[in-house]
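Listed features, source TrEMBL:
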- B:6-26: transmembrane segment (TRANSMEM)
- B:33-51: transmembrane segment (TRANSMEM)
- B:57-74: transmembrane segment (TRANSMEM)
- B:86-104: transmembrane segment (TRANSMEM)
- B:140-160: transmembrane segment (TRANSMEM)
- B:172-196: transmembrane segment (TRANSMEM)
- B:202-221: transmembrane segment (TRANSMEM)
- B:228-247: transmembrane segment (TRANSMEM)
- B:253-279: transmembrane segment (TRANSMEM)
Amino acid sequence: MGIYPLEVDNLTVAYQKKPVLSSVSFRIPSGKLIGVLGPNGAGKSTMLKAVLGLIPTVGGSVKIFGQSYKESRKKVGYVPQRESVDWDFPTNALDVVMMGRYGHLGWFRRPGAKERRIAMECLAKVGMADFAGRQISQLSGGQQQRVFLARALAQNATLYFMDEPFAGVDATTEKAIISLLHELREQGKTVLVVHHDLSTVKEYFDEVVLLNGKLVAAGSTEETFTTANLQKTYGGRIAMLQDVTNASDRSDEAEVSGESSPRRSKTARRAGKAGKSSMTNAADGVDIPDEAEGADVPLGAVSRT
Amino acid sequence: MMDFWIILTGTLVAATCGILGCFLVLRKMAMVGDAISHSVLPGIAIAFLLGGSRDSVLMLFGAAVLGLITVVLIQLLQRSGLQSDASIGIVFTALFAIGVILISRNAQHIDLDLDCVLFGEIAYVPWDSLIWNGYNLGPVAIWMLGGTFLIVLITIALFYKQFKICAFDPALAAALGIPVALFHYLLMGLVSLSTVASFESVGAILVVGMLIVPAATAYLLTDRLGLMLLYSVIIGAISSTGGYYMAKLFDASIAGSMITVCGILFVLTFLFSPSHGLISRWTKRQQMRGGNLNQVI
């Protein structure tokens, strides 16, 4: 194998002297879908931003395909959290996707017919071709997320970083994203996804990185996504976790268990929210289905204790 | 000819500020424009004290430096944990106050009228002509504002995609290798430059109106950034022309009238814009409600 798509070595990040990530080291193999998991405030988004050089690091190094990020920038695609931009910005879907090409254009070239064509193809791949001319504020949350994915596709990268692409999206979009991820993997690309929904981890990801301010574990989902590791990652909320691992162990058996666990993890997430930065707030309220109310009650009690 | 020069001056101010204002409004930094327009005052005063005359180039330089200092200070305070609006308020009032003291302390030595700095006097523009080799090349202000307008236009045209992506998604811009901080300071530098170039004609306070109102009006009229820039220039031009004749009619301050017309245009757009106007949104809602009702029946 030799060169890894991403090697993180002793990465340490601090916000105003408060360490958010301390000495995180791991490397990921090529051609895999990798889930980055951890409770709120565990530093998942922070790690992504540090890897991309968007925030200063205190120490450690990041290598992408054996080079620094600056040298390998064109091989990397990035999907920020959907709430990180102002969707009232006066522009349309096609225009946003074309922004993914800016990195290839250099300082002075303007996006032209070629960029337009690529952007249209990418929109088509996420099933959004009909919405190319649509003002972005007129799109639903799921459609906006797909526009963001199309933009990352337009970057034509070999390594992708996606910050909570599943947050607050509808079932159609979730399916569209997953099939897209599989397509990318088939093309030999590597995708790192910050993810929250523990119940879908076994189904979606080949590898996981468990974070909690520091690295808890990293490796293949089968070996790493265990109750013991999750306990270390999420602390005291064990009841919920056992539930999730059980649910996913019984993987094929049903929608029913798969359906009930995401709510639980989300509830727990809410309960453990104290001191959390604003990063995921907007999504949290949105994606909890109404029917979840009943299931929430006992769990709310558990997480309060 | 007098009318023409004054209207042209107003239009150049409005067009320059309108273009930059669009990016300020979109980046939710409209108040930074306000801050810069005020805090350039000590820069103007110091340049005046050093130069001893109303040497435009030196004043331009002094003010531009102060403009950048303002932006840096605001960012420093923000980064150390202060709220952004509080940082802006502290920095620009403090610098502005220093400017006021500098001017009032040295009032006897220098011929710099505080009223003129604050409110401008566009009516004097045609009298201050640029004389070169005995030829009258037209008002100095036109040359200065025209030059500023060209600089702004060329910079924005050259780096349109960078300014756009930095306004919409700075995180992606940075990940793509676009120097976000450089374009931030470039934009702020252009705002300082325009503010200084404009202050003699419309004054330090009214220039804020030109930075924000045409851009905010254009924002309500279109869903495309390119058109928003164009509309804000057109709205600025209409405001200058309309404002001039309104001032003539009522024998009032020209700059004041220009901003007033601009404000009226904003209110009209706010109410009647076909896409974002209050009335069109209201009727759409009524139609939807009616439609739903019909479906139910």
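Cβ from N, Cα, C; glycine included.
Remember, it's a predicted structure, so these values are computed and weren't measured experimentally.
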Would you say the transmembrane segment (B:33-51) and the transmembrane segment (B:202-221) are touching, if the rule is that at least three C-beta pairs must lie under 8 angstroms and be 6 or more residues apart?
yes
Which listed range (B:33-51, B:57-74, B:140-160, B:172-196, B:228-247) shows the maximal number of Cβ pairs under 8 Å with respect to the transmembrane segment (B:6-26)?
B:228-247
Residues of the parent chain within Cβ reach of the transmembrane segment (B:86-104), under 8 Å, 6 or more residues beyond its termini:
31-32, 34-36, 38-46, 49, 66, 69-70, 73-75, 77-78, 110, 112, 114, 117
At a C-beta cut-off of under 8 Å, are there same-chain residues at least 6 beyond the transmembrane segment (B:57-74) that contact it? List them, or none.
32, 35-36, 39-44, 46-48, 50-51, 84, 87-88, 91-92, 95, 144, 184-185, 188-189, 191-193, 195-197, 199
